[in-house]
Structure formats: structure tokens, C-alpha cells
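Engineer: From Swiss-Prot, here are the annotated features:
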SIGNAL    1-18  signal peptide
MOTIF     89-96  motif 'Cysteine switch'
CARBOHYD  Asn119  N-linked glycosylation site
BINDING   Asp157, Gly189, Gly191, Asp193  Ca(2+) 2 binding site
BINDING   His167, Asp169, His182, His195  Zn(2+) 1 binding site
DISULFID  Cys277-Cys465  disulfide bond
REPEAT    422-465  repeat 'Hemopexin 4'
Amino acid sequence: MPGLPLLLLLLWGVGSHGFPAASETQEQDVEMVQKYLENYYNLKDDWRKIPKQRGNGLAVEKLKQMQEFFGLKVTGKPDAETLKMMKQPRCGVPDVAQFVLTPGNPRWEQTHLTYRIENYTPDLSRADVDNAIEKAFQLWSNVTPLTFTKVSKGQADIMISFVRGDHRDNSPFDGPEGQLAHAFQPGLGIGGDVHFDEDDRWTKDFRNYNLYRVAAHELGHSLGLSHSTDIGALMYPNYMFSGDVQLAQDDIDGIQAIYGPSQNPSQPVGPQTPKVCDSKLTFDAITTIRGEIMFFKDRFYMRANPYYSEVELNFISVFWPHLPNGLQAAYEVAHRDEILFFKGNKYWTVQGQNELPGYPKDIHSSFGFPRSVNHIDAAVSEEDTGKTYFFVANKYWRYDEYKRSMDAGYPKMIEYDFPGIGNKVDAVFKKDGFFYFFHGTRQYKFDPKTKRILTLQKANSWFNCRKN
């Protein structure tokens, strides 16, 4: 590839004392970085013709722009996290330079739009494709004055097709993985049209690529939306499947800024993505897992690793597709390398990213809770004793992980053995011999030997935030 050694020097920061032989993998990564920046960040494919110093700076600035968009550490170099992000399947619409057909911010002038499915993927039945597309349109019509009608022939406002490779729109697909689909802004001709890459496998569940999920995203472009930096938004460029497809509040705000709210008497409200450095952040559940700490909120996890300053935020379904959103408790049993998750009167068990078969199971038959207990507020297990503490309202139970039975004499009042933490526990975990209890925005570091609170901090103090 022309200019590849120069780009290797530029991006990997090799000094002027010599140029090491680039591995085949490294050359492939450089080629991928170059194509990614050309496709999604408007790095012109003739950038190497620019004078050296200016061209070098342009490539680095585009890489920094990409890192900033995805909330990565801005280095201007293709580090491991940047390469990982670039390799994720995504929408083919650029992040900073849209498929512009008309100047300004295009929108449909009429509120009654038509769509036509020109052909069907063999991966799904026609009925499944029709249903996925109809549901995707419904998401947007629920929050706007827009209505959508399917037509079977002729030209529609939004034409939908499954194509592969070069399909004569100046935006060829790249085969399996990579670009999944793309769509064009509102306008005449190709404006509003949606193309799905037939080289990808389309499904109606969590496997491969969920057609409903991708269609809902692409139709956002068809209506005039660009990509969002909010990882919880449907308009986030990378493919995410969280089990339930819904518009985040960020999506709703964006589309209503173009078309206004729906005419429904009650306006739909979407979920918001937690901000790790929000001083008002609270948690649904927390657990240790193989030396890391995972915090759960709604449909998201936040992952704190002692060796990294960055906090990873993503959908729970990325790790465990079958777990529900809104988990209420979680704990680690280190000697079995298991994590148990609780919601309502059900629980699930995983080992690493592997979801064990036979779940969910019932907490009453498995642990011996009385029928009056319909959910667990928080749970934590002690590795040295094999004892697990379950917190429910203002009481707690103690369970023996080796005997697989509840200890006698329980429940007890929380305030008796854990004085000062209050009568309600939202989440808890144990680290280095201390319990960390969470209630609302507060976190209590508790010494079980002295039964004293050692420190009181904000709940998100584990996230290296500058201000709390």
C-alpha cells in the first residue's frame, strides 16, 4: 500500500533512529486505521499527496477526533483500545461527514411517509423481515408526528434493500462484519433509502446481527439524525444489542428537535445512559469478578480495573446476553469461579462470560428464603469463610456456600451487626477485608472486625473522577 511505512512511523511513534520491520499484523492494522479514518472521519484518500508535515498532522488529528468521539483516551496513536473499537461492526454512515445530499440539516417536509422493501434477505422469512422493519418505524412514530405506510410497488419515500459489495451508490459494502448497513439523509432520489449488507447474517434474536435493531438505527439516519456519542443511544455508530430495542432519551431529544413531539397525550420517555462521574450516580448491584469490580445500573455495567484508569461502560448484554436489565443484586463465589445475579425471585449463575445452563432458578427453593422475600436488595460473599450475606429491607440472612444451606438464627437486623450503615442496602462488595456498603449516592467502608465505619464517600469514588 502506498505510504504505508510513513503511516507506520507516524501512528506508532517510531523514532528517527531506525525503522523496525513491520509485522504483517501491524501492517493490517495500519491499513484498517487508514480506511476507517477515510470512511468515517473524512480523511481524504489522497491525503498522502499533501506535503509531509501537514499530511502527518492531518492523520493524527483525525485519529484524535475518532478517539474523542468514542470517549477513548486521546493519544493520536492506534493503541489497543482504539484498534478494538475500530474492529467492532458498525453503521456505514460517517461520524463526522454525513452522506450529504442537500445543504443544511435535511428533514422530510411531509409527516406521512411511505416505504417499500425492494427485496428480502434469505436469512429470515418475509414475515420476519416485514415485522422487523414495521417495528423499527414504529419506534420513531411513537415519539414524533410522523406516520409510515408500506407500499408494495413503485417509488416510495424510503426504499429498503439487501445488497452486497458495490451496489452503485458510491458506498460499497465490505463483506462480512465491518459495515452492516447504511442510510441516506432525507431528500429526493436515493435520499432516505436504507441498504443492508447481504454478506452479513440477519437474525431476529441476539445472535449475529438483529435486523430490528440495525433497521431502527438506519431509519434514524433516513429521518435526518446523525450519529450520537452516547453509547446507550440507538444512534451510537457501533452495533450494540441490549436485548430490548428502544430509543434512549438522547434519540428522542434528537428526533423531536427536528419534527417536534408526538401528538400522544402522554409523551414517551427514554432511558438515560449513566455518567460515571455524576455525583448523583447510584447503583443497582455491585460485585467483584476475578480481581475487578463491576457496577450495574439499569441495562449497563461499569467496570473498574485496578490496572487501568479508564472506566469501561457498556451494555450488560455484551457480556451476558441472557441476563435481564435492572439487576438487583450480585456476588462472587471465588472458589467456584461463579457470579450470581439476582432480579425478583430469580437468579442466574455465570462463570466469566459463560452463562451456565438451567437458569434462571428460584431463590426460595435454592436458598431457602421464605415466600415473603420476593427479591434481594444486595449480596456479598466472604472468600475466607464461605459465608454469603443477603440483605433484604432492614434484615439480612447468612448462607453457607459449602453446605449450600442457610445458617440458623437468621434473619437478623442489619443495624445489629452493621451499625451505622442504615436500614437499607442498595449494593455491597468486599475487598481487602473490608465491606463497602452503598445506599443512594453514599458509600460506607466498614470494618467487620471492629464493626465500625471507617470512611464515608461518594458512591462513584472508584472511578477516578476529578470531582465528586
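Glycine is treated like the rest: Cβ placed from N, Cα and C.
Worth saying up front: this structure is predicted, and the values here are computed from it rather than measured.
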Engineer: Over the motif 'Cysteine switch' (89-96), what is the model's mean pLDDT?
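Structural biologist: Taking every residue of the motif 'Cysteine switch' (89-96) together, the mean pLDDT is 93.
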Engineer: Restricting to the same chain and to sequence separations of six or more, state which residues have a Cβ under 8 Å from that of Asn119 (N-linked glycosylation site).
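Structural biologist: Same-chain residues close to Asn119 (N-linked glycosylation site) (Cβ under 8 Å, separated by 6 or more) are Ser161, Phe162.
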Engineer: For a three-state summary based on DSSP, what are the helix, strand and coil counts in the motif 'Cysteine switch' (89-96)?
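Structural biologist: DSSP composition of the motif 'Cysteine switch' (89-96): 0 helix, 2 strand, 6 coil.
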Engineer: Out of His167, Asp169, Cys277, Cys465, the recorded positions in the record, which is closest to Asp193 (Ca(2+) 2 binding site) when you go by Cα distance?
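Structural biologist: Result: the closest of the recorded positions to Asp193 (Ca(2+) 2 binding site) is Asp169.
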Engineer: Hey, how far is Asp157 (Ca(2+) 2 binding site) from His167 (Zn(2+) 1 binding site), Cα to Cα, in Å?
Structural biologist: 19
Engineer: Among His167, His182, His195, the binding-site residues in question, whose Cβ has the most other Cβ atoms within 10 Å in this structure?
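Structural biologist: Checking each of His167, His182, His195, the winner is His195.
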Engineer: I need the neighbours of the Zn(2+) 1 site defined by His167, Asp169, His182, His195. Which other residues of that chain put their C-beta within 8 angstroms of the C-beta centroid, in sequence order?
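Structural biologist: The surrounding set, listed in chain order, is Gly92, Ser161, Val163, Ser171, Pro172, Phe173, Asp193.
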Engineer: Of all the binding-site residues given, namely His167, Asp169, His182, Gly189, Gly191, which is spatially nearest to Cys277 (disulfide bond) at the Cα level?
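Structural biologist: Comparing Cα positions, the candidate nearest Cys277 (disulfide bond) turns out to be His182.
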Engineer: Could you tell me which of these binding-site residues, Gly189, Gly191, has the greatest number of Cβ atoms within 10 Å of its own Cβ?
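Structural biologist: The largest 10 Å Cβ neighbour count belongs to Gly191.
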Engineer: Within a 10 Å radius around the Cβ, which one of these binding-site residues has the most neighbouring Cβ atoms: Asp157, Asp169, Asp193?
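Structural biologist: Highest number of other Cβ atoms within 10 Å: Asp193.
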Engineer: To test your reading of the Ca(2+) 2 site: which residues beyond Asp157, Gly189, Gly191, Asp193, same chain only, put their Cβ within 8 Å of the Cβ centroid of those residues?
Structural biologist: Ile158, Met159, Phe184, Pro186, Gly187, Leu188, Ile190, Gly192
Engineer: Sorry to bug you, but what's the C-alpha spacing from Gly189 (Ca(2+) 2 binding site) to His182 (Zn(2+) 1 binding site), rounded to the closest Å?
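Structural biologist: Counting only the Cα atoms, the answer is 15 Å.
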Engineer: Using Cα coordinates, what distance in whole Å links His195 (Zn(2+) 1 binding site) and Gly189 (Ca(2+) 2 binding site)?
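Structural biologist: One finds 14 Å between the Cα atoms of these residues.
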Engineer: What are the sequence-distant neighbours of Cys465 (disulfide bond), meaning same chain, six or more residues apart, C-beta distance under 8 angstroms?
Structural biologist: Val276, Cys277
Engineer: Going by DSSP, how much of the repeat 'Hemopexin 4' (422-465) is helix, how much is strand and how much is coil, in residues?
Structural biologist: 3 helix, 24 strand, 17 coil
Engineer: 10 Å Cβ neighbour count around Cys277 (disulfide bond)?
Structural biologist: 15
